[in-house]
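Before any comments, here is the structure.
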């Protein structure tokens, strides 16, 4: 049967009995939306809350991932909570919430709380506090903050810090969002306050005094909530009220749907059991957090779904003498509160199981998931990595299962039977769970978890460990229960058997358990899920921690308690400083002033329009790509016919629909890629065709129904495989300066090594999106595309449709993030959508799902470099010889230019007399890699800092000293290996300043002391400089045009070739125009970027857009100023632009001007090594400090200090935002973000936030200080206002965290006598951190591959 073709929603024999059971059920949904009553008689059963909201025009709520992992779709659902008996305002992922779940509730979206004219204080503070850049994630973040404030108008700093654990942002680096949110906190202004997890502020100590005030004149006034100057005061009593009608809402049973799917919403347990009795296979849904992912991404169809979230009986709890009983459907947020109360009720000792649950919930997903997820859902889905299930099993909880016939008690120890399989009878439900309190004496229980990222992440391994001891410390009961070690939650049976009856306090007991655990978890190298050594080491480390925690509690004085193994790394509340006076010396009326992003308020209120927010066109169709599922294969046949059997499917589009066979080819600079696969596919995720249907959901179903038959061919994934098989693109470059061979022969030392770093997914919050609108005449077409490159979009749409470029208009209002991923890869979708629109002569829209986007749109290039460095005893480097390889993927795209930039940055900031570097691009069967912020620069500098670190270790010299000795300086050399002179060179100055400002040497001493006294936790420190060349390396791209119109009323419309993707380009451009024309900034407006206003524009990339477009605008404004000068003189200095423009118009003066700019002086010739490569270099220095837990690989960045030379900043607020955002994105690149391919299928595994971990709010440096270089002259800088490009250069500063981790790892290895060279690959994930250690636990957990055995995942 073709996917998507289904039997009736309920089988006939069941439907008769089911309809008889539910015949009295209603079919009308009633809820409130932003204060207005909504009654739905014909609700679509397959629609999520997000699809409903966007369908009725409330497009402020965004789709970012469709799996509840990014928070872009966050709304607030206000409801009467049957557990707490209070109104609760729940932040919820609308992308997961079924529409049935909002009956009887009040849905509040970002539009409902404020608008640009009357914003909510949360919206205003985030906007004015520079907390919104691209703005796509902002509505979700606003709603998370709104939910926090609605539930507690006076939150603690700790509550504010944790409020966003279900939200992601890719632009801001989070710091300004947290600063804005913290302005709502009045509690615990002191970091030591109990509310903030401290020991207590001096004002809480009860003597009436305090560090800031005398005890005598203290008064009892409550602390006034702080309202920053110029901001709206937050008044909780002015919020939207909970509709009084909903307080009396009668929850009636519901049944509605169609032939394909039906929803049932019982409101009593009896009704639910009746449904289960007649239809046992009905899908029970609580939070829908798992089910929605199954239906969205796995194509599963649950024809009869039963929503149980409104059954009050399943949401009750009670404290019994010896156990806590919780209803199966209590939401995890309530369980959190219940467990806190349970610890208080039973006391700390008896409350240990509840403390363990509390600990696991704290890092369980994000708040939005915890607001809907339930224990029953956790148990029923039986995930092998559930955080709660091990605690339920280890605590000897009892599950109460109910069916219509009987109530059964199932011990949790016997509940899990296999992968996703349980002992729950098919006709039963999980009614409640009885969790025993611990004994008053002799019982010890702890829970552990390790994930790739601390907050909002699924576990790699988790555990709940419990023992009972008698008075002589003999072990009685034992439960050692682990998740992530097998296909289901599993007990370590051999270890448990060994431990029973042993004297716990004897060290041979620990040794025996560790040996038994090795047998229990004898993972093979290729184990599903990978990470065999790491997972095994975690199982052992968790028990080691547990053992010593129990010993410490026993006060076992005779024994050596390893106190340093106890506990885990805890973060402080994050904070940071910026130098807001950096531009004081040179700021003008507008330029140089800190001003918020011009669209920030629109973004915070949900009014900013993105591509998929454009209202539906009449007759519009939705497209869904049919993608290859094989990494390399011949296409034997493609049969779209099964799709046409589905409702709503209109057409199938493929290469036969193109204007000509030649028009299928695209790619810049090499035209080596096809829009539609022909007879062979070269990567999993290559487009084969597109299905068009009347809704997005039907298009998805249609695409799944297309039958594709393959004949698989051998595939290449890694650079190493490409080298072995000599699989290359033809592109080859080299840079040769000086006599490398002679230097190597004469140097005191020659060292070799390998630098290796993985790729990075762009993870812009707005995926690739396009809307094509064909016009009735002459083949005209308008393309709205989320692209950084409107001109190339226009060119290729012209090609695929077979009409001239002058009939194609490509336009973009704004992008929800780009980072290079929409420079060329957006062309693919735009071309396909344009072909589809031309074929059906109707508008066609397509916005990719997150998984489709990751599979099709490319990523940062993984790199491998083999280097050889010649160095003298004094540390002076004499020569570098290097081969640099990047993984280009299946087509060339921009890979050649990326490897070129890496080669030009391989010197870092170091003067090396002789360099020979060669660059090649590997051809593989991965996704085609593309531009990404930094464009090869970070990879080149990573190679440089890798060889600097390793050479320093070889020489036994501090790496900071080696860096300093070899830096470019006027005294030594200022000419790079590509023969460009460095001018306005301030890296040595910033190097000195950042050391002083961050107290670097003092902290280095502190860290050395810390590492001497801490066995398992180690700290590290690193100081990393950067120089980043600004210009497109393709000379012709260094040009820009602008168009400036002045209207009668004095308002000014500016158009330029750059696109706004959050980087603040339009903000800077309006400031430049306003300063040039001497008008207020709000008189200047930029509508969008379009090819019919500014033609032949370059892509917005290379950190050069402010330079290029700024000068083009300035040039146009100068022309206008010359024309207006007589009128300024005539009307006087006080005359407004309205008066001047009016007078000029009546004198028939042209009030429009076209500006143009091209970067002077540049033009490099490869091979000859002549000409100027870059116009200038943006420079910076960063220091970072980390702490790692070597038992688990967990880590935190304790502090980061960044100083950047941005020249004379046009807008320091925008520049600070770019620096913070780039740093955190760089930190992600070098730490948490690991791209993995599934070896068996050849497809990407990390294709969504569930598996791919960008940094979250609680991953940023705990102390995050940023400053701009000031008090210097930029004599040679000839840019607009003498500013420097800032988009890409700070990204490499994030590597300071990686090198600080490496520094900490050196101390960790030395602790156990390992002094050999550490070669650390990027990213430094918790797994890599742990397996780079050298302790005995790791050695006994080490898993070697058997002959021919390969890992489950491939790290590209």
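The chain as shown is numbered from 1 upward.
The backbone N, Cα and C atoms fix where each Cβ goes, glycine too.
Lifted from TrEMBL, the feature list:
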{"type": "DOMAIN", "residues": "27-113", "note": "domain '2Fe-2S ferredoxin-type'"}
{"type": "BINDING", "residues": "65, 70, 73, 95", "note": "[2Fe-2S] cluster 1 binding site"}
{"type": "BINDING", "residues": "134, 137, 169, 171", "note": "[2Fe-2S] cluster 2 binding site"}
{"type": "DOMAIN", "residues": "256-440", "note": "domain 'FAD-binding PCMH-type'"}
{"type": "BINDING", "residues": "364, 387, 449", "note": "FAD binding site"}
{"type": "BINDING", "residues": "788, 819, 933, 1102", "note": "Mo-molybdopterin binding site"}
{"type": "BINDING", "residues": "823, 901, 935, 1033", "note": "substrate binding site"}
{"type": "ACT_SITE", "residues": "1288", "note": "active site, proton acceptor"}
**8 Å Cβ shell about 823, 901, 935, 1033 centroid, substrate site members excluded** = 820, 894, 897, 898, 900, 931, 936, 937, 1032, 1101, 1102
**Message:** Please report the Cα separation of residue 70 ([2Fe-2S] cluster 1 binding site) and residue 169 ([2Fe-2S] cluster 2 binding site) in Å, rounded to an integer.
**Reply:** 8
**Asked** Looking only at Cβ atoms, how many others are within 10 Å of the one on residue 933 (Mo-molybdopterin binding site)?
**Response** 27
**Message:** For residue 171 ([2Fe-2S] cluster 2 binding site), which of the listed recorded positions (95, 387, 449, 1288) have their CA atom within 10 A of its CA?
**Reply:** none
**Non-site residues, in chain order, whose CB comes within 8 A of the mean position of the CB atoms of 65, 70, 73, 95 at [2Fe-2S] cluster 1** = 50, 62, 63, 64, 66, 67, 68, 69, 71, 72, 93, 140, 850
**Asked** Looking at the recorded positions 65, 95, 1288, whose Cα is closest in space to that of residue 169 ([2Fe-2S] cluster 2 binding site)?
**Response** 65
**Prompt:** Measuring Cα to Cα, how many angstrom lie between residue 933 (Mo-molybdopterin binding site) and residue 1033 (substrate binding site)?
**Reply:** 15
**Prompt:** Quick one: largest C-alpha distance among 364, 387, 449, binding FAD per the record, in angstrom?
**Reply:** 10
**Item:** Cβ within 8 Å of the mean position of the Cβ atoms of 788, 819, 933, 1102: remaining residues of the chain near Mo-molybdopterin
**Value:** 818, 820, 821, 823, 931, 932, 935, 1061, 1100, 1101, 1103, 1287, 1288
**Item:** Other C-beta atoms that fall within 10 angstroms of the C-beta of residue 171 ([2Fe-2S] cluster 2 binding site)
**Value:** 30
**residue 935 (substrate binding site): nearby binding-site residues from 65, 95, 137, 364, 788, 1102, Cα cut-off 10 Å** = 1102
**Request:** Round to the nearest Å and give the CA-to-CA distance linking residue 364 (FAD binding site) with residue 823 (substrate binding site).
**Result:** 36
**Residue from 73, 95, 134, 137, 449 whose C-alpha is spatially nearest that of residue 819 (Mo-molybdopterin binding site), among the binding-site residues** = 134
**Message:** Can you tell me which of the binding-site residues 65, 137, 788, 901 is spatially closest to residue 449 (FAD binding site)? Compare CA atoms only.
**Reply:** 65
